[in-house]
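Visitor: In case it's useful when we look at the structure, here is the feature table from TrEMBL:
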DOMAIN    B:5-102  domain 'Beta-hexosaminidase eukaryotic type N-terminal'
DOMAIN    B:128-467  domain 'Glycoside hydrolase family 20 catalytic'
ACT_SITE  B:290  active site, proton donor
């Protein structure tokens with residue numbers, strides 16, 4: 001309600017192309033040019049200096065969950081100073097060796113017709129950016145990320161925010177306003193042709209995430225940090241690391257040292273405590289909570305390498321009877337050794353991840369009752385006990401549990417009402433989406449169905465044919481289970497609230513786009529993620545969207561930003577079409 | 001550039017790849033297993049590689065017609081470390097050295113390079129003589145560096161042809177000094193085109209690697225980019241709206257078909273370009289796909305969309321072009337439509353490149369012509385990425401889920417099952433010179449090129465080198481190909497090619513666990 005009032009109070013939307021992705025909620029702009037001074041300054045002002053200053057100068061964390069405590073020992077100002085410093089490095093070319101990460105927008109104008117400004121004039125320069133911290137009247141997460149950005153014709157930049165998170169989002173927008181001049185002598189500082197400018201912006205969904213599988217193939221911390229940069233550019237605020245699966249356990253757990261040494265693909269390809277800390281810190285400074293999933297009790301065959309006694313039906317054949325993919329194997333239920341293992345695991349991991357995120361994902365997808373030689377209904381009570389224990393551990397560390405939808409939709413488990421349920425199946429037997437089923441039962445939900453938002457779909461099957469099996473499902477044309485590939489328009493056409501009654505929509509916290517890694521590793525991660533994930537980013541920021549040429553062109557500009565930043569995103573559109581607006585329509 | 005320098009360059013690359021771009025094959029053994037040769041045993045050491053070329057290279061070794069240079073070789077590695085390579089030609093030696101590199105791994109300590117496969121005896125020769133990748137460098141920009149990196153990858157997979165689709169409706173990428181505005185105005189941006197030096201450097205780079213770089217200037221269709229510099233030569237230039245009546249993609253425009261100015265233009269074009277290409281290419285591709293009859297209704301020199309009117313004019317144009325190609329010492333290549341759709345009479349030397357159906361190859365050879373395979377339903381690497389055309393709100397719903405015309409993605413397994421000889425009678429198989437795998441670049445540029453082409457194109461390369469059937473006439477086994485492809489991918493990554501993984505490491509570490 002508060003959010004709706006806030007939005008309603010804003011300006012009318014001008015239907016002009018301003019190449020910001022995701023598109024701000026409200027904006028208007030002129031066409032005057034301003035240049036950004038290489039030495040631009042930053043000022044901080046406070047709407048209510050007394051008292052509130054203390055709050056703002058407190059820790060970055062908790063973002064909004066009051067129960068979390070922080071080890072990120074930086075003030076709000078430090079966080080924004082760091083973000084401004086990164087932006088300065090991106091926008092300003094200091095030498096030939098460190099070129100700016102800005103591009104000449106020649107692809108977006110007819111040939112030899114970039115509307116470029118002439119030389120820098122004294123009065124057309126932005127010398128400073130002012131952050132105004134407004135009195136926070138709400139703890140609603142979307143308001144914390146909201147911002148307004150005004151740039152006057154005289155070059156005064158005012159960013160109004162309630163929280164440093166809003167400042168980070170404002171800087172992400174600010175950065176996208178600038179272009180590089182094609183004349184190298186003018187290219188040391190960038191220009192913006194959108195002045196005067198007024199933007200008011202606030203996300204629709206509070207949870208805007210990417211689920212990245214770092215277990216099935218190797219994705220290094222450096223690659224994850226590059227992905228965090230790209231996520232931040234698209235105003236995502238969550239990175240869900242699917243950190244363990246049947247195939248490998250890359251995460252080092254000092255209390256259980258054998259787990260990663262034996263369970264990872266290679267002992268030198270693990271995530272150390274330091275790696276995880278570095279990645280989570282990297283995300284936190286960019287407004288992205290990096291949270292972990294330990295998937296259990298299914299998808300746990302990799303534990304067997306270190307703890308064989310904990311796994312039931314390990315590598316049982318034929319594997320399709322016991323798991324969705326090889327290797328079969330699930331944690332034994334109703335077993336004190338497993339309970340102790342889970343306790344040790346979570347007591348080690350949760351305190352380390354807790355400073356960076358209020359969330360912890362306990363997995364729970366695709367638990368196969370056959371692996372326990374039980375029917376689903378026989379299995380459910382044991383599963384309930386297992387999940388109760390894991391959830392109690394998460395609660396004891398003051399975190400919010402997330403589980404996959406199957407726990408409630410397939411096994412009818414009862415979970416505490418703070419549990420967030422991540423839905424992934426497009427349809428349940430009664431025809432409704434899994435998200436709709438989750439919120440109908442009163443749980444908070446995350447959307448992101450495999451019919452729209454699975455980025456791994458459509459690359460073809462990875463299974464080899466079993467030559468001894470005359471009924472092998474591996475046959476021409478060798479499609480995967482979720483073919484075809486979800487192209488960016490398809491991703492953009494996903495309406496997550498389509499079948500959810502208005503009275504239940506408040507339970508939908510947001511969603512995630514998914515990158516499962518059967519056929520993805522660091523080499524092709526960028527091009528499998530981008531630019532398609534950016535399409536999901538705009539839906540998460542703005543809600544349901546409609547494809548149009550304007551959307552194509554803005555996404556194509558985002559793609560150029562990503563490439564300039566070093567992210568290997570494929571092209572959105574034929575260059576000719578971008579240079580000739582209106583000519584590639586059907 | 002002579003046979004000696006070609007072989008010396010190949011040897012230098014081999015040394016570099018073995019010492020700098022090798023890898024530890026841990027992904028291909030059970031996790032945490034000890035798979036390296038024990039250090040307390042003495043082994044044979046390779047200190048010499050004996051290379052023998054059994055014949056003098058033909059003068060056209062750099063730019064052979066299909067089959068004119070023998071690429072066969074033998075490779076022996078004894079347990080004592082003696083290595084003998086025999087080949088008829090210097091290109092055969094290049095192929096042998098490529099094979100040689102693929103026997104070796106690096107030890108985990110990084111100190112040694114070893115093979116655990118000795119003794120080795122390889123006798124090898126290609127099944128098909130024309131083994132190509134067609135890369136569209138016109139629809140999106142590709143730097144010479146991108147192309148050279150692709151030539152590297154092409155050579156690793158023993159392709160011998162890189163076909164540059166160098167011009168299209170969207171941009172003209174080849175600088176023609178005799179017609180400067182062509183690239184100055186026709187490239188996406190002045191300078192985003194290949195200078196004569198660029199082109200020579202690319203072709204030379206290919207020649208050193210046994211890869212002949214063939215140039216295509218597509219015409220008379222796909223020529224709207226010519227209209228940016230010579231608008232009078234192009235009919236139906238960028239018809240909007242309603243482009244779909246005049247071409248498969250925007251912008252529309254085809255060279256006028258009965259205009260002496262077009263022939264004047266072509267004369268200058270050929271006189272400039274063909275002599276430059278000739279030192280490196282036996283072939284020149286004059287295009288000919290997707291010629292749209294409606295365009296000629298708007299062409300004042302034709303004024304008809306009647307195929308009976310258009311056909312003889314098309315015949316005249318193609319005859320003219322092909323005579324120029326022959327006069328420059330090269331053999332023409334055309335797209336299949338010229339023969340199968342327009343029923344043109346083509347010279348017996350002309351190679352017809354098929355792409356549209358699974359019967360095209362058989363239809364071409366049935367008419368006695370040489371054919372290249374590469375069916376879009378199997379070997380189009382660009383398929384499955386979705387529509388790139390924009391839709392109005394009124395048409396978007398009907399276009400959902402925005403699939404492209406050749407969806408779904410052609411995965412490597414499907415590509416591996418493609419038989420270039422399918423449907424071809426046994427007495428005509430010699431007319432199938434080979435084939436090409438295609439990457440059209442509506443949604444590809446230098447940034448995602450590697451990932452779009454590799455490792456999938458490797459599957460086509462093996463079909464072209466070895467044929468799609470094994471000795472017993474069955475389709476080649478994916479079960480044995482899969483781990484080899486994964487290993488090839490690792491080598492390519494080490495050598496700087498951004499190829500995606502074939503399978504989960506779990507699968508490659510565990511033999512046949514991922515079969516079902």
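From the backbone N, Cα and C atoms, a Cβ is placed for every residue, glycine too.
Keep in mind that what you see is a predicted model, and the values were worked out from it rather than measured.
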Visitor: Which residues of the same chain, at least 6 positions away in sequence, have a Cβ lying under 8 Å from the Cβ of residue B:290 (active site, proton donor)?
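Guide: The list for residue B:290 (active site, proton donor) reads B:221, B:222, B:247, B:248, B:335, B:337, given in order along the sequence.
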Visitor: Would you report the average pLDDT that the model assigns to the domain 'Beta-hexosaminidase eukaryotic type N-terminal' (B:5-102)?
Guide: 96
Visitor: Work out the three-state DSSP category of residue B:290 (active site, proton donor).
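Guide: SS state of residue B:290 (active site, proton donor) = coil.
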Visitor: Mind checking how the domain 'Beta-hexosaminidase eukaryotic type N-terminal' (B:5-102) divides into helix, strand and coil residues in DSSP?
Guide: 31 helix, 15 strand, 52 coil
